[in-house]
Every structure is written in C-alpha cells, then in structure tokens.
Amino acid sequence: MLYANSFFCISSHCKKRIGLFGLFLFLGACSFSEKTHVDIKHHKLLIGITVDQMRFDYLQRFDTLFIHPNGFKRLTQQGVNFTQTKYSYFPTYTGPGHATIFTGANPKHHGIVGNDWYDKSLGKYVYCVSDTTENTIGSNSGAGQMSPHHLLVPSIGDYFKEFFGQTAKVYGISLKDRSAILPTGFNGDAAFWWDGGKQGKFITSTYYMSQIGEWVDQFNESGYADRLLESDWTLSPLLSKLDLDDDLPWERPFKGMKAAVFPYELSKLRLINGDYSLLKQVPQGNELISAFAKKLIENEQLGLDTIPDFLSLSFSATDYVGHRFGTESLELVDVYFKLDKVLGDFFSYLDQKIGRDNYTVFLSSDHGAAPPAGFAMVNLARGGTVNPLDLELELRNYLQNKGLPQTAVRSLINQQIYLDTAISGHQTVEVKKEIISFLKAQPFVEETLDAVVFSTGISAAYNGRHFNAAKAGYHPKRSGDIFYFLKPNWVEYPEGGSTHGSFDDWDRHVPFLLWNSSLNRKHINTPIDVVDIAPTVFEILDFKHPNTFSGISRYPVK
Ligand SMILES: [Zn+2]
C-alpha cells in the first residue's frame, strides 16, 4: 500500500498526510514527460468535471438542447469526444466511479469498492470517506467527519503536488462529500462539500485545515443559498414547447406534492424536504457549485501563476434528479438543459479570468442509470424491484430450514453476501452451496459468483458476463464472499426513479470529453476504459505517467 509509510505534516496545523513523495521536488524535468518541449500553455489550470449519473447517450439525446455556445457544445464540437468510454468493473456507484476517474485505477487497486461496504474485521458498515478521527470545519454538524483515508492509491490531485510541489493548488468541490474528497486525494489543499439540512454551508474537515477560510465563511453567510431556494424550479420555456409528458407514473414526487409536476415551489418544499438539502435535488444545486467554484478560483488564485493547478468539480444534482424522477422524466431533461448553461457561463468566466489558452477541461461521469423499474415493467414487459432487506431475511430463513446457522450471513450489500469468518471450513462449503442455490432460484438473478474464483480462476465452462467486471471491482478485505447479479431492468430500488450499480451498458457507458484551445474536434470511437481517462489527460498535458495508473493514454499519437 503506497501510503503505508506516510507521515503527518509537522509544519502545518492540519493532519493531512504527506506521502513520501510529498517531499516534493521543485518544478523540473521530472514533472513533465521527457519527449516533448513543454509549453505552459493550457497548463495553468486543469479542471476535472464529473456530472453525476450522466449516461453517454445523453450527449446525443440532448444534443439539440445544448444550445449554449460555450457549454457542452464547446466540448463536443471543439474538443475530443471518446464515444465508447465504459466502466469495466462491478458495481457502478458514485464512490468507486469518482475514485476510478481520478486515480486511473479500478476498485481492486484503489479500494473504494462501494459507497459503503461491510468490514468483516470491524463487524460493521464502512462509508467510503468516513473518518471519525476528523471533525467538521465550517459548521456545527458531524458532516465533516470525513477524509480520503480509505483510498489506497494517489489521485490526480496528489500527482499535481508530487510533480509541482506545494505551490501547486489542488481543490475539490461537490454537493457530496465523497465526490469532493476522492478526486482531491491525500495531499490536496482542501475538499469542500455541501452540508445541507439546517446548516446550508460548504464545509470541509480537520483533515485539510483547522479553520474555514474567510472567503468560504463569507460565501456561506452571503445568503446565496437562500436566494436559490427562493426561486422556483420552473420548466425552461424551450422545453415546454417539446410537448413532453410531465406527469409519469414512475416518478417519485417530493414530500408535500401529489405528483411530480412543474413548477416546484422551493420555498415551500424546503420545509419538509430537508431544508438546505433540497438544493441537492434541483438544478439550483448546480448553480451553487459553479458560484462556489468561482469564489474559490478568485480567492485561492487558481490558474494565475506558471505552476499548474487542479480543480475537481462534481455536479451531483443530476444524480438526485435521476434518482427521484428517473431517466425518462421531463425534470431530467430540464436539469441537463440548465446544466449546459451553468457550464457555458463557467467556461466563459474561465476564458475571461484565466485565459482561454491557459486551461484544460475534461468531463466524465461516475456511472450512468437504468430506466425506472416501473417504466421497464410497463413498456418493456420485463424487470422489477428487489428489496435487499427482504432478500437477506429470506436467505437467513432458507439457511435455517437447511439446518445451517442464520448468522452465517453477516451482511448483504452491493449485490454481495458477506459470510461469518467464524464458521468452519466444512460448514463454509455447505453454506456457500446453499446460498448459491437460493440465489439461483430467484427469478431476478442472472448469475452468481463465489469470490474464490478471483484468486483461483474461473472454469473453462463459464459462460457468464460478470467475472472480469466483478474481479476488477473486488478487494479481498472489503468485498463480499458471494456475488449475485440482477437480470437487466431488475433493480434494488423502488419502481419510481432510476438507479445504477449494474454492469449493463446504461450504467457503464459514460462521456469522456476533453478540451483545450489547441485540441481539434475529434471523435474517437474505439472502446476505452474509464481507467484510461487519467493517463489520457496526463498525456495531453505532457505529464509523466505514474505507475499507479492502470490504464493507458488513448489520445492518438500525433
Ligand atoms: Zn453518482
């Protein structure tokens, strides 16, 4: 483990671990690859954008709606569009997705095997960025007890610090803690995320700093979030002309509403829908991220000097809207239409502030989304919903009826079953056999795998489609003992709204767009892996290729 020898920063008030490579080298020959002349052009700032739950096909589906000249259109029409970028592991969730994009490695290496997983040695669930040794900076809630300490390899942010020293600035921003923290890595200056509920503040943790910066405090006290919540979420006029049905049976309305229909009166809805957390579920949440990012760029002076800086922005509102209203909803169309304007305004701001020739942008997503189960059942006559709590209960009862201990099953999460380590070898064989038999009898299970095959290898007779993906997503200390995979359109989720996690194309296939002012429009249609994103971006920037990157650069040799 690369960070096993890391130590704490003694010259700083923070508890941030500075890896051995954190004894940084001055900007020099080893920062960049040796083969080409290095030009500071495009290097002042790298912006890594994640649009949470954005499927690749949304670029095509919403193409005529992305009308801002500097929004998605700039990336797709003036940049490089890798049209076949897919995740190669299972399961496809937010934590693993962000870790994979920004470490260039799969979960088997970076260790973020889910948003949560079961830790057998601790006997409890672990959240991917939880850290109870840290405390909140910026509010009086516990939402800041977070750090990247579960991550096992460096992120892009860490390599900026290694290559260019502490004067390289590295920040991450998101409404979600995990989406801010994982891209920023161990040695980033700070990750900021949204503390909703009654707080309504961007916060960080003691891992990064001992007190919140003055400008963050000013932003939090500025009333900006309240102003966003005073504006209603109305359907964009252009979309009202499309004559799409607003009221679908497979949406999940906000509390206090009978149907999921425009307009949404946020000032009323906030009272019974999580107060400031409501901003996560509406397009205004994306405006909040953009506004905070601009303040950060100005106050931390990103992209001004000749030392490259890195900023990760993860837009989460798209994910919450997808989860609540689903892939088929008008609300989803509207949140993307409005995000296009947010991105367009943000890139215009960067042109003016940093200079159009001085920065590079890449955009991807942490996973896609399946159609709502209700939609699939009605329109495709297949699929359905599975309640994992019921499944776990039924499994325990099944084992008991077979004369085996119910307690043999410690946990069921992420379509994986964790067994009690205390059961004996002979009984383990029997328990596994019965669990697999139980799972295979379920009408919604496509395939099962015993995790031992990830070390012993799979039989020649294997004809499933999940072995390689599950192996790439498997960490022996964090993953389960038995995997099961749902048939397409079956979800561990309600009938309304969309979810993700599967190895089906709608969850795997994501955008990868790359832009700076020197790149020419190009569509690259050869299949690439999400672990190739970080190496490709580094190739474009002429940075050397770290050995923790599993992928390869997919940018065509000039
Ligand atoms: Zn996500």
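Cβ atoms here come from the backbone N, Cα and C positions, even for glycine.
Marked as active site, phosphothreonine intermediate by TrEMBL: THR94. Residues or ranges marked as substrate binding site by TrEMBL: ASN115, LYS176, ASP177, ARG178.
For ligand 1, the neighbouring recorded positions among THR94, ASN115, LYS176, ASP177 are THR94, by Cβ distance under 6 Å. Minimal Cβ crowding within 10 Å, among the recorded positions THR94, ASN115, is found at ASN115. For the binding-site residues shown (LYS176, ARG178), fewest C-beta neighbours within 10 angstroms: LYS176. Under the DSSP three-state reduction, THR94 (active site, phosphothreonine intermediate) is assigned to helix.
Same-chain residues with CB within 8 A of the center of the ASN115, LYS176, ASP177, ARG178 CB atoms, the substrate site residues themselves not counted, are THR94, GLY95, HIS98, TYR127, CYS128, VAL129, SER174, SER179, ALA180, ILE181, LEU182, TRP193. The DSSP secondary structure for LYS176 (substrate binding site) is coil. Around ASP177 (substrate binding site), the same-chain residues at least 6 positions away in sequence with a Cβ under 8 Å from its Cβ are VAL129, ALA143, MET146, ALA191, TRP193. Across the fold, the C-alpha of LYS176 (substrate binding site) and the C-alpha of THR94 (active site, phosphothreonine intermediate) stand 10 Å from each other. Here substrate is bound by ASN115, LYS176, ASP177, ARG178 per the record. The longest Cα to Cα distance in that group is 11 Å. Cα-Cα distance from ARG178 (substrate binding site) to the residue listed as 'active site, phosphothreonine intermediate': 8 Å (rounded to the nearest whole number).
Straight-line distance linking the Cα atoms of ASN115 (substrate binding site) and THR94 (active site, phosphothreonine intermediate), rounded to a whole number, equals 6 Å.
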